[in-house]
Amino acid sequence: MQHLIEKANTLMEALPYIRRFSGKTIVIKYGGHAMSDEALKKSFALDVILLKSLGINTVVVHGGGPQINETLKRYGIVSEFVRGMRVTDAATMQVVEMVLTGQVNKEVVGYLNQHGGRAVGLSGKDGSLLLCRKLLQEVKQGDGSLEKVDIGFVGDVVKVNQELIQTLEHGKFIPVIAPVGVGEDGESYNVNADLVAGRVAGALKAEKLILLTDVEGVKDKAGELIPGIVLDDVPRLIDGGVITGGMIPKVTCCVDAIEEGVKKASIIDGRVLHAVLLEIFTDVGVGTEIRR
């Protein structure tokens with residue numbers, strides 16, 4: 001009997017969050033280990049489908065770095081990275097677009113639909129969903145100055161066609177977006193999936209942005225998880241060496257999204273089963289929440 005009571009208590013804990021998020025939009029960046037482990041893939045699919053069944057508009061933006069690396073290797077194309085960004089020439093861009101839109105996107109959509117969802121795959125080129133311009137990466141020179149470097153067909157999102165996403169949401173569909181953008185002349189751009197998720201969340205004025213990662217969240221210098229960060233503390237935490245390395249662009253993405261109108265953003269551990277539900281429907285969550 002006790003375990004039944006505990007289940008009831010869990011449902012009651014979720015109730016205020018269900019009320020809060022019903023009719024609102026949540027944007028989830030799906031990537032990392034959660035995309036390769038079968039149990040985690042199923043867990044993620046069921047989480048997203050449950051959110052949609054509760055009246056929560058859920059938008060998925062996926063990555064695909066490992067799949068791109070594998071295919072480039074098969075084609076004998078060697079990748080170069082500048083500050084974590086893949087240098088993307090025309091040949092590399094062809095592979096990136098093929099893998100993200102023709103392979104990974106279809107796999108994610110298929111998995112959601114297989115488990116009872118109504119997912120629709122999109123790339124940023126569909127309906128000019130993600131209008132982009134070339135992103136010039138800043139690189140520190142020997143004298144300490146910053147120089148902007150052209151790294152090929154790598155894009156920054158300048159406009160999101162939110163009407164396309166909202167049309168799908170109103171039709172009870174789950175939009176699944178591949179991070180390939182389009183330029184003014186129709187050229188394709190490789191766009192960081194975290195950046196896409198943040199821009200989409202900002203355009204939709206989402207209630208929450210969630211980034212799935214392969215770490216617990218933001219940790220302090222003692223290695224302990226920081227459950228919450230307010231916006232004003234972010235510069236201090238970066239300058240103080242608490243937020244470092246690859247976590248800096250993720251946190252910056254969350255900050256930018258909040259500045260664009262997103263209520264809250266979370267960086268969570270995608271290696272945890274049902275991490276999305278635990279983050280949204282429990283009092284403590286499973287990662288680091290960033291808020292005003």
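From the backbone N, Cα and C atoms, a Cβ is placed for every residue, glycine too.
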Of the candidates Arg20, Arg83, Arg86, the one that Swiss-Prot places in the substrate site of Gly64, Gly65, Asn190: Arg86
Among Lys29, Arg86, Lys250 [recorded positions], residue with fewest other Cβ within 10 Å: Arg86
Which of Gly64, Gly65, all binding-site residues, has a Cβ with the fewest other Cβ atoms inside 10 Å: Gly65
Proximal but sequence-remote residues of the same chain as Asn190 (substrate binding site) (Cβ under 8 Å, at least 6 apart): Arg86, Thr88, Thr92, Met93, Val96, Glu97, Phe153, Val154, Gly155, Pro179, Val180
